[in-house]
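Student: From TrEMBL, here are the annotated features:
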- G147, T148, G149, T150, G151, D170, W199, N213: S-adenosyl-L-methionine binding site (BINDING)
- N213, P214, P215, Y216: substrate binding site (BINDING)
- 28-98: domain 'Release factor glutamine methyltransferase N-terminal' (DOMAIN)
- 142-221: domain 'Methyltransferase small' (DOMAIN)
Amino acid sequence: MRCWPTTSRSCSPISARMAEAAGRTLAQALREARARLTVPYIDDPALEARMIVEHFSGTSRADAISTPDRLIDTTTLAAIDAALQRRLAREPVHRIFGFREFHGLRLSLSAETLEPRPDTETLVDLVLPFARETAARLGACRILDLGTGTGAIALALLKEVPLAVAVGVDISDDALATAARNAADSGLAQRFSALKSDWFAATEGRYHLIVSNPPYISSKELETLQPEVRQFDPVRALDGGEDGLDAYRIIAAGADACLEKGARIAVEIGYTQKTEVEDVFRQAGYTMIAAAKDLAGSDRALVFQR
Ligand SMILES: C[S@@+](CC[C@H](N)C(=O)[O-])C[C@H]1O[C@@H](n2cnc3c(N)ncnc32)[C@H](O)[C@@H]1O
């Protein structure tokens, strides 16, 4: 662009305004987003930049390769810019989007739901054969999901086991509303009930399978969590009490009254907690019959039976 000698202003503000008015190409938007996200606390800036740009521009990886020169309009650029600012303020990408994929389901998030983690799919996969076998043998599998949050575990099991029904318990009204919405959005509402309860306090009936990813971080560890977790996941979903085991003790002590004969209890655990959680359930009369590690090779899910 030509700068007229009669003006004392430098060229760049005019260039910036013109570029803004004209938008950016997809390749430019991706490059700029990656550069902005290149900060010490983001492990993979290229990946996160791509997720944000693709989400707000409605483009795909294939578009970035086949049509890198396509123009991104200024409204979309403003949305990308706002998302990048939120990410730089440590908000996780899926919180910014408002949803997260879990076991093939798209789950909405809300203020009081934990963002479901891929590690939790380990628990789902570990109990699926039992849920399928129970449903095939009895014509039903009744599942109780304690601390359901978005409904992630219960809904993933319902999706895979058409004869199963589930009750998702939570103490948070916001989480229960989100779980119910996720059930409806996933076409699973007829087999899912959201129940407000302090663990077992309001539950009724007996179940073939209890599943839970309870809060399991010790209270003193909470302060050491990265800001993405500490500031954006609800504390009630994280805080497991002084030693992180409070919820396991409550579940182990209260499960018996809710279990059918031969029923199982499956819990997610923190990667250092296998022995302690096994002890908690052993003292309550249960035997550990299966355990699984997550994709990183850490202990992640345990299954118990009387
Ligand atoms: C770690 S989050 C798990 C959420 C979801 N199941 C998942 O795996 O993504 C724990 C959940 O337990 C719920 N919770 C905490 N205290 C509870 C209580 N006393 N009774 C019932 N649910 C509780 C929280 O609200 C939160 O949704």
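Numbers here mean position along the shown chain, with the first residue as 1.
Yeah, the Cβs are placed from backbone N, Cα and C, and that goes for glycine too.
Curation plays no part in TrEMBL annotations; they are all automatic predictions.
I would like each feature placed in context: is it buried or exposed, what are its neighbours, and how far apart are things?
Tutor: The Cβ of G147 (S-adenosyl-L-methionine binding site) has V169, D170, S212, N213, P214, P215, A237, A247 as same-chain neighbours under 8 Å, each 6 or more residues away in sequence.
P214 (substrate binding site) carries neither a helix nor a strand DSSP state and counts as coil.
In terms of DSSP helix, strand and coil, the domain 'Release factor glutamine methyltransferase N-terminal' (28-98) has 48 helix, 2 strand, 21 coil.
Secondary structure by DSSP for the domain 'Methyltransferase small' (142-221): 28 helix, 24 strand, 28 coil.
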Student: Cα distance, Y216 (substrate binding site) to W199 (S-adenosyl-L-methionine binding site), nearest Å?
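Tutor: Cα-Cα distance, W199 (S-adenosyl-L-methionine binding site) to Y216 (substrate binding site): 14 Å.
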Student: Where the criterion is a Cβ under 6 Å from an atom of ligand 1, which of the binding-site residues G147, G151, N213, Y216 meet it?
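Tutor: Checking each Cβ against ligand 1, the ones under 6 Å are G147, N213.
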Student: Please give me the CB contact count at 10 A for N213 (S-adenosyl-L-methionine binding site), counting all chains in the structure.
Tutor: 27
Student: Return the single residue from the binding-site residues list (W199, Y216) that has the minimum number of other CB atoms within 10 Å.
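Tutor: Result for the binding-site residues W199, Y216: minimum number of other Cβ atoms within 10 Å at W199.
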